[in-house]
């Protein structure tokens with residue numbers, strides 16, 4: 001079916017509804033299947049593409065110019081180093097530009113090749129974003145072939161056959177398999193990343209696909225993180241006698257991961273230890289407290305999302321990256337809603353009455369994005385102080 005393509009086309013996106021987007025292939029040669037979403041951030045493409053929360057997804061960047069600051073070894077959010085546990089494809093309006101930044105130590109296109117990320121440039125990302133906004137996040141296959149040869153019918157069939165994210169426990173693949181400690185803090189100019197010399201708190205982080213900047217933000221408030229696999233039991237965690245427990249972000253369906261994680265989270269909540277959940281960790285805490293989660297039509301992906309803190313009345317601009325949400329109507333009486341999205345009114349935070357337990361749907365650690373809600377790590381530290 002290559003005759004259906006325009007001259008010079010070396011990349012396509014085939015959607016499950018039969019739509020074909022044409023352009024110039026970049027990054028890795030080959031194809032990848034996943035859920036197509038859009039991200040509205042203007043910066044931070046390297047952090048986005050290495051965020052484990054994007055596992056099994058193809059990201060369309062709404063900002064047209066990508067690649068101008070290159071890539072480096074510091075802005076990688078994964079801790080596992082397994083490229084397959086992050087975004088598998090990327091869509092751009094313009095061909096990625098040549099880097100010009102003092103921190104760059106590599107070319108974006110070559111970096112995508114090395115990581116196996118299939119790219120497609122020259123796409124009408126505005127039209128694709130409107131399509132996603134109106135009809136939901138489609139299943140798609142992104143393909144790059146330098147000779148311009150594609151079996152379009154086979155690509156569409158592959159997109160149709162993909163089962164999607166619902167029911168998928170991806171956290172087990174994104175998680176570390178070995179326990180380790182972390183003591184690197186947040187970055188600042190001109191010092192670079194801080195070093196935690198004298199930890200004030202010991203925090204166990206359950207890794208469902210944790211971002212490095214969450215660990216750095218913990219170090220910023222004096223917490224040394226011990227990162228454990230997603231399947232770690234509550235008994236093993238409590239045996240370490242931590243000051244608090246962090247439920248990390250991660251990919252996939254929270255209900256699927258919750259099959260083994262929720263019973264352990266319930267034990268941690270019952271222990272009285274301070275618990276702080278972020279993104280997937282927020283959703284699984286909600287499940288552990290008796291609420292439900294549901295799949296979203298278009299999800300929230302970007303660094304410009306307004307969220308209201310109902311406890312203070314303050315509006316914050318935050319980073320979000322999720323395709324599932326907590327069903328507010330399902331929250332049981334002891335659980336109060338603390339944050340809401342001002343885009344669509346969906347839940348963005350909860351707290352448990354009478355317990356040092358809370359979580360948020362957004363990413364207070366940013367990377368990329370604003371740091372309006374970085375104070376939540378201080379709130380967590382305050383709960384650990386009170387519990388000592």
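Yeah, the Cβs are placed from backbone N, Cα and C, and that goes for glycine too.
The annotation active site, nucleophile is assigned in Swiss-Prot to 279. Note: residue 279 (active site, nucleophile) has non-local neighbours 53, 248, 249, 250, 321, 322, 360, 361, 362, 363, i.e. same-chain residues 6+ apart with C-beta under 8 A of its own C-beta.
Residues annotated as active site in Swiss-Prot: 363 (among others).
Residues annotated as active site in Swiss-Prot: 365 (among others). DSSP classifies residue 365 (active site) as coil under the three-state reduction. For residue 365 (active site), the same-chain residues 6+ apart in sequence whose C-beta sits under 8 angstroms from its C-beta are 211, 213, 214, 216, 217, 278, 374, 377.
Its Cβ taken as reference, residue 250 (L-glutamine binding site) is surrounded by 33 other Cβ atoms within 10 Å in the chains shown. Annotation source Swiss-Prot lists L-glutamine binding site at 53, 250, 252, 280, 283, 321, 323, 324, citing sequence analysis.
Swiss-Prot lists 202-388 with the feature domain 'Glutamine amidotransferase type-1'.
As a whole-number mean, the pLDDT of the region 'CPSase' (1-198) in this prediction is 95. What Swiss-Prot lists as region 'CPSase' is 1-198.
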Query: Taking the binding-site residues one at a time (53, 283, 321), which has its Cβ surrounded by the most other Cβ atoms within 10 Å?
result: 283
Statement: Other C-beta atoms within 10 angstroms of the C-beta of residue 324 (L-glutamine binding site) total 20
- request: Among 53, 250, 252, 280, 283, 321, 323, 324, the annotated L-glutamine contacts, find the widest CA pair distance and round it to a whole Å.
  value: 13
- line: Per DSSP (three-state), residue 324 (L-glutamine binding site) is strand
- prompt: Around the L-glutamine site recorded as 53, 250, 252, 280, 283, 321, 323, 324, what other same-chain residues have a C-beta within 8 angstroms of the site's C-beta center?
  reply: 209, 249, 251, 253, 254, 279, 322
- request: With an 8 Å cut-off on Cβ-Cβ distance and a minimum sequence separation of at least 6, pull the same-chain contacts of residue 280 (L-glutamine binding site), or say none.
  value: 53, 171, 208, 209, 247, 248, 249, 250, 251, 252, 254, 257, 322
